[in-house]
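**Q** Have a look at the structure that comes next, please.
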Amino acid sequence: MYSSSNSFLGGVNNARPGQPPFMQQPPYSQLPQGQQQIPQQTGFQPQPTGYGSQSASHLQPQPTGFPTGQLQPQFTGFPGAAPPQQQQQFGGYQAPAQQPQLTGYPPQSQPPSLQVPSTTGLPTRLAPRTSSEIANSFSDGAGVAPPPPPKSSGSKIPNIRLSFITAQDQAKFEQLFKSAVGDSQTMDGEKAKELLLRSRLPGSELSKIWVLSDTTKSGQLFFPEFALAMYLCNLRITGRELPSTLPDKIKNEVSGMVDIISFGVPDTEPQGAARTNVPSFDAPLLENKSAPPAPQHPKPQQPSNAQFLSQLAAQPTGFGPQATGLQPNQPSLLGANATLAPQTTGFPGQSQQQYLHSQPTGLMTNPQATGYNGPRPPLPPMPTGFGSNLSSMQTGGLAAQPTGIPGQWGFVNAPSSGLPNIEALKQQLMPQPGREGGFTTAGLSGNASIPWAITKEEKKIYDDLFRAWDGLHKGFIGGDTAIEIMGQSGLDRKDLERIWTLADPNNRGRLNMDEFAVAMHLIYRKLNGYPVPNRLPPELIPPSTRNLNDSIGAVKSLLSQDAESRKASGAFLQPQKTGVSYLKEHSFRGGARSPGFGRKDATLFKNNDEAAAGYRSSARRRVGNDARPSSPPTSQASEEELSVEQLKKKIRETQIMLDAVDFKDENRAEEDEVLDRRDRLEAESLMDRTRRVQDDIDTHPNAVFRKLDNGAERRSLRRQLQAFEDQVPQIASEVRRIEREIADAKLELFRLKDAKAHPNSAANIVGTGPGGTVTEADRIKARARARMQARAAELAGRPVPASVDDDGAAVRRLEAESASIRADREKNEAMTRDVEESVREFTRSLEDSLKEEGETSTREHERRRWEDALGVEDVIRDFIYDLQRGSRTAHIRKEEESRASAQEQRLRHEEPSPGVSRLSPAPSAGSAGSLPGSTHEDRVAAARERAQRRIAERMAAAGLKPHTDTSETLLQRQEREKREREERLRRAEEEDAKREQERQRRLAEEQRSTSDTPAKPVGKKPPPAPPSRRGRTDSAGQAEVKKAAEETITAEQAAREQAIREEQQAQEEETNRLEMEAQKREEELLKEKEAQEARLRALEEQVRQGKIRKQEEKRRKEEAERLAKEKEAALAAQRAEIERAKERERQLQLELERLDEESSSDDEGPVNITPEDSTPTQSQLLPTVTPAAPVSAPESEQAGSPEDTSSQAPPVDFKLETESKNPYFKITHQATDTQVVSSPPVPQPSFTSPKADVHSTNPFHRLAKQETSKPAFTGSAPLERKSRARPEADDDWSAAGSEFDSSDDDDDERPGGGSAKQLASILFGTMAPPRPLSAMDDKSPSKSSTPVQDSPVASLPVPESNGSLSAPAAPPPPPPPPPAAVPSYDPSVAPPPPPAPPMAPPAPPPGPPPPPGPPPPPAPPAASGPPTPAGAPDRSALLASIQKGKGLRKVQTNDRSTSSIAGRVLD
């Protein structure tokens, strides 16, 4: 219940207005009232006597004197003495009156009446009582009734908004607080605990919350503290941590509101007791140290404070000091002259029923009922009596007593000087927007004790207010402003008039700083309940006014005294001739007896008229408007005449002084020059370092990413963002409109479906009402129509139609569907709103990111100064412009170099391709990837450009308009970019030239303006050494020099100011012009961008239309090609049959000859066996053979052949080729390969030197190179048509061809072993390759190797070619992997996919690849009969066949069918 054992001690003095401190009751003696002792305090805290350490219904007895037993010792008198026996007190509580208390020794009998008390200890000196004590003694009689208690008023909570909680929460907390405390202003600890426990938080958390909330440490909560506790509970409930200490903002708000509530409590002191300005607690200042402290006179308890005391911790009322006296006949431990007499305590003349009863002193055996009957907290012992050297005083454990005003209660957080209200007053009176509204004094008024004098803190606050309102620093505040300021205090006009009169004693109509402070202090006092004085107190008179008034008064008194003395002495009539001077007696420093006597002041001044002869005016020596030089002071020595020697001596001394001054000036000028030189060197070195750093920045690789014009880019992005944001509402409205249309369409669709499902339903009724609604008339008509239909059906014998559904079913179905549609629409609408909200949030985030971060006025000024060269000197401006020009030049140069290097690299990769294709017909050399040193990216880029060029050519041949971008060649693009760079350079040079012209113009204007002035401006040059003044003593010359120098300086300043103004104007104009130009450029760029986007859209549309037309033409061409291929296939089949018959006949003849010649067959046997065995094996194991290519690669590297790179690159290129889905692209590659191979057959042997021979030994390696070279070449239709005309050459086969065929037959014979069946199969199997279809891909030596491995596996390339939509040139594309998978895929070759119809027709006539019966369609393209046996297995046979050239001729001859097919596809 009690916060501590001493808490109620401190609370008594404040919680009980009008009650004196505990244990301080005035004594009563037989002496008259005038001889009573003055109330004195010893400086120690008041401490009660006689309470035990335990709390019970009755207090335990506590003796005073020596400690015996369990009670604490309390000894009387001097600290060194102690009574022989103990006294015992019994205390109990009985409210509101106190029972009598008996003190003393047992033998004494105490009369019921009051006895005369005597002070213990040494005899005290009596002192007269104060007037307040005398006045209070009359009102302490028993007949005086206590004043009526003040009316109870409910708890008043200031209308102040707490920032850390919401307005709704604050209103709820106010209601809860009022319901809990009733009329009180605070909530006790138990009630607060009960409320806080409802939060179900652990006790440790609630303990922390209580410690943070109880800011006053009083064990009770004011409303702001209660609201803070609720706020902290909410923080902990929501999972957030409690702060270790309250934030300053929250702490200030809570303490300020607590102070307002505390000061707003009405004063409970009796109305009749008038208070003085001097607080009663200043008594220690008047204390007489030699006299013992006199207890203060008690004041009656005011029962009206019970309502407040009920809300606070129970605190006992104070007793008067119990002076325990010794009997006179008992030996005193204090000495013979220190006998103590018994004394009574209590009020004299009061009845037993009112307040304290008389307490006779008596024996120890008599019980002494004291104080309370209720439980009391333990109190520490306190020695009574007086001693000058008290050292055993126990003061530990006492809490600090808060200050307050009698009549108030509770703990008040009031500062030692001033009150928090003054801060509120300052905030109220500070100039702020909207102050013209109504004024309120909420939180300003109070009843604080405010002295007349102004403290330093208050003066500082008033001075801050004055400076805040004195914006122009006039030093005073006018009447209008003062009315506005003082009107905000809310005082009456009469009070403000009186305050103004007191503050402005001189009636000037304005207030200076001191007078304003006086006015504010008077307002502050008035707000705290003090009346406005009629005259200004001396403490409030400003020091300046007081000193001035004192000085004026002193002068007046001096004048009056002087006049009286002159009148008395007769000097008043003729003061000049009296010869007596009274000036020394009239000094302000106190006259002749003052310590400063002898020093002259204004009272001792006397004008010397005789010295006027030595005065020489300098007015006639003034030149121009120069200021008048000070006249040489007249000295007393000028009256004396100097001798010639003295004059010469003075001249010499003056000359020496002038020489010294000249020397100093020269040294100073030299030092300045040295400093200037050093500064210039440092500036130049700094500029050089800056240039180097700028060059490093410009030449850094990442300098391209540096944003030079970040602001312009931000502005353009903000404009784009705004444009997009403006489109959002339009798009949202379109979406909503479409949603409505969809909903209407769904509803209409449902009506139609419902009408179909329920023909006779009422939903089929056509509404004629507004908006198509069905009316009752429409339903009646529908029912009548239905009855007519039913009757007609009965008459006609038809079945009666189903009964019409009731209207409710149709309506219900329609409503259900409408509800579902509406739900979908609402869902979509919610999604649309979510999208809009997300777009808005995204837009806000983008706007925040695009804002000028950190852009302040200072930063903008610095940027304009150091980037735009505004407001700097000419040298710095030129330096900044040079840096900017160098940066722009470096940026443009770097762009040109990067583009030039990129173009050179592109050209270097593009130029070798056509050269190689022209030099070598070999497919391996026709690709950019075959060049030594070329990378994969270069090869891909070159192939892409060639493909684009070929596509453009094909589109042009097909009559399609090519894309504008593709039509622009590399040279044209380079030319265009070069022109653009030149244009940018030209614009940059023009801007630089304009800036230079502007700068030159400003310099010329400055020179012109300075030339007009009489003196030449010094500029930046160091000042020259001052001229020597030796031999020049004329003061007129000095004046002229000085005047000329000042005129020069004035002219320089004027010229410089004019130049600065002109420069600023020019800079502003230049800045505006640049901004306008930048804006125009941005607008032009935006327009160009829009136009470019429009052109791109148009071109994309053209390309799309072109593609569509191209696809249509392609389909038509494919159809025509298919028909042509079918015809050609039939013709080819017929020609093949004829040729097969011829070959069969020729082979039979050769076989007969071989049978006769065994030796020749034996020699040829091994050759035949090897190809026959190896060919199928290789065809099946083609993937495993492919790794053998690197084996030949090192050989080629050692030989230095350029095909080394191509041997490694083919797989990658082949992958690109196989992934391509463009049939034209593949056909072009195949046609190009055939063209390249067939065009130069004759130079082949010469080109394939030993290197080529060595390289061609590996057929798979050649195959890979062939496939690699294919993607890079494109064939043309004319060559294919030419190849289609070659079939007739097959009929005219030469002897060389027969020899080649015979060699093939020999090769095929060996596997047969001489059997007729095997021979026939070999003969028929070898007939397929000679077909014209097979010779297409075998024109080049590299091709000859490919057919070799393809002859047995003729079907392998065909499926691959069909699958990839390539023409007869399909065999090359499949590298190692395809062959292995082809045999399984071979059966499907007969029905090839639609993209490869050309290959399908040739397939049926021949048959399967390896078997002789049905030569597969792919066999012709993939494998040529003659080269097959000679090339794949046996390298020597392959080389022999290549060197002969006859096989090549035969292959070229058989290219007709294949080329014709390809030509048709391409056309």
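Every residue gets a Cβ built from N, Cα and C, even glycine.
According to Swiss-Prot, the protein carries these features:
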- 1-157: region 'Disordered' (REGION)
- 25-48: compositional bias 'Low complexity' (COMPBIAS)
- 50-75: compositional bias 'Polar residues' (COMPBIAS)
- 77-101: compositional bias 'Low complexity' (COMPBIAS)
- 129-139: compositional bias 'Polar residues' (COMPBIAS)
- 169-257: domain 'EH 1' (DOMAIN)
- 201-236: domain 'EF-hand 1' (DOMAIN)
- 266-376: region 'Disordered' (REGION)
- 305-314: compositional bias 'Polar residues' (COMPBIAS)
- 340-370: compositional bias 'Polar residues' (COMPBIAS)
- 491-526: domain 'EF-hand 2' (DOMAIN)
- 613-643: region 'Disordered' (REGION)
- 822-864: region 'Disordered' (REGION)
- 888-1087: region 'Disordered' (REGION)
- 892-912: compositional bias 'Basic and acidic residues' (COMPBIAS)
- 919-934: compositional bias 'Low complexity' (COMPBIAS)
- 935-953: compositional bias 'Basic and acidic residues' (COMPBIAS)
- 973-1009: compositional bias 'Basic and acidic residues' (COMPBIAS)
- 1054-1087: compositional bias 'Basic and acidic residues' (COMPBIAS)
- 1101-1467: region 'Disordered' (REGION)
- 1101-1129: compositional bias 'Basic and acidic residues' (COMPBIAS)
- 1136-1153: compositional bias 'Basic and acidic residues' (COMPBIAS)
- 1171-1182: compositional bias 'Polar residues' (COMPBIAS)
- 1183-1197: compositional bias 'Low complexity' (COMPBIAS)
- 1279-1288: compositional bias 'Basic and acidic residues' (COMPBIAS)
- 1434-1451: domain 'WH2' (DOMAIN)
**Q** Reported in the order helix, strand, coil, what are the DSSP residue counts of the compositional bias 'Basic and acidic residues' (1054-1087)?
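**A** Residue counts for the compositional bias 'Basic and acidic residues' (1054-1087) by secondary structure: 34 helix, 0 strand, 0 coil.
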**Q** For the domain 'EH 1' (169-257), what does DSSP give as the number of helix, strand and coil residues?
**A** 58 helix, 4 strand, 27 coil
**Q** Take the domain 'EF-hand 2' (491-526) and find every residue of the same chain, 6 or more past its ends, with a Cβ under 8 Å from one of its Cβ atoms.
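**A** Beyond its ends, the domain 'EF-hand 2' (491-526) has Cβ neighbours at 421-422, 425, 429, 450, 454, 458-459, 462-463, 465-466, 475-479, 482, 532-533, 535-536, 540, 542-545.
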**Q** By DSSP assignment, list the helix, strand and coil residue numbers for the region 'Disordered' (822-864), in that order.
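**A** Residue counts in helix, strand and coil order: 37 helix, 0 strand, 6 coil.
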**Q** Please give the average pLDDT for the domain 'EH 1' (169-257) in this predicted model.
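**A** Mean pLDDT for the domain 'EH 1' (169-257): 88.
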**Q** Can you count helix, strand and coil residues in the compositional bias 'Basic and acidic residues' (973-1009) using DSSP?
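**A** Summed by class, the stretch gives 37 helix, 0 strand, 0 coil.
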